[in-house]
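Noted in TrEMBL for the protein shown:
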type	residues	note
BINDING	Glu62, Glu87, Asp114, Asp137	S-adenosyl-L-methionine binding site
BINDING	Lys141, Asp173, Thr208, Lys209, Phe210, Glu211	substrate binding site
REGION	143-148	region 'Interaction with RNA'
Amino acid sequence: MSDNFKENLRQIKSYVQRAGRVTKKQQQALDDYASKYMIEYDQNKSLDFSEIFKNSNDVVLEIGFGMGGSLVQMALENPTKNYLGIEAHKAGVGNILYEIEHQNIFNLLVMSHDAIEILENMISDSSLSGMQIYFPDPWHKKKHNKRRLVNQSNVDLFAKKLKVGGVFHYASDWLPYAEEVLELLENDNKYKNLYDGFASRPEWRPLTKFEKRGQNLDHPISDILFEKI
């Protein structure tokens, strides 16, 4: 894949910034808690995780946490891990900020900016112990497939940011997208599949809103876990 093609892929956004409805509670949380739990995007600043989390625990990055319910649950259930969540939509950010404050969650911080730009400019190479992308927009129409977050260019970028032994975890209810991601990773010598093909659904992965929606539509749920080697 040429460098120009990779650059073009990076410039295509994997999300659409919709206005959406922000509730009074969510807006209040944005106003009151953003300064405590949000990290501002700065293309000239590389994050020092030991400084922002005030410990040297492993860091897991989640891209696109939606309303944040599953990420909040993971942070509560794994207090010896740090979590950094990225979400573009205000309602979800406000929702998770409210939960962080009111459940006294100390190991979860949030950013709201393009995830690829954050990875490229603010996340140091070999600094993440895990990356998780759960039920991303599948961009069903063929003409929109180029918008998919998990593509060859971004898979290479994810590998740069993961430590050796770090795990990339993807889950989807759209089988064509899941099969595409599995093939990408199987053919990438920077990763090793932790399962034979698709993974069994991990019991520790919380059920998400989009997973429930997929189940209601009788969509098969696919989990993929690959280790950086």
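Just so you know, glycine gets a Cβ as well, placed from its N, Cα and C.
Note that TrEMBL annotation is computational and uncurated.
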Compute all pairwise C-alpha distances among Glu62, Glu87, Asp114, Asp137, the residues listed as binding S-adenosyl-L-methionine, and give the largest one in whole angstrom. 14
A 10 Å Cβ contact count, applied to the binding-site residues Glu62, Asp114: which residue has the minimum? Asp114
Give me the non-local Cβ neighbours of Lys209 (substrate binding site): same chain, 6+ apart in sequence, Cβ-Cβ under 8 Å, ordered along the sequence. Gly66, Met67, Gly69
Around the C-beta of Glu87 (S-adenosyl-L-methionine binding site), how many further C-beta atoms are within 10 angstroms, looking at every protein chain? 25
Compare the Cα of Phe210 (substrate binding site) against each of the binding-site residues Glu87, Asp114, Asp137 and report the nearest. Asp137
Through the lens of DSSP with three states only, how would you label Glu62 (S-adenosyl-L-methionine binding site)? strand
Helix, strand or coil for Asp137 (S-adenosyl-L-methionine binding site)? Use DSSP. coil
In whole Å, note down how far the CA of Thr208 (substrate binding site) lies from the CA of Asp137 (S-adenosyl-L-methionine binding site). 14
Going by C-alpha positions, which of the binding-site residues (Asp173, Thr208, Glu211) is nearest Glu87 (S-adenosyl-L-methionine binding site)? Thr208
Within 10 Å of each Cβ, count the other Cβ atoms, then let me know which of the binding-site residues Asp137, Asp173 comes out lowest. Asp137
Applying a 10 Å Cβ distance cut-off over all chains shown, what neighbour count does Thr208 (substrate binding site) have? 20
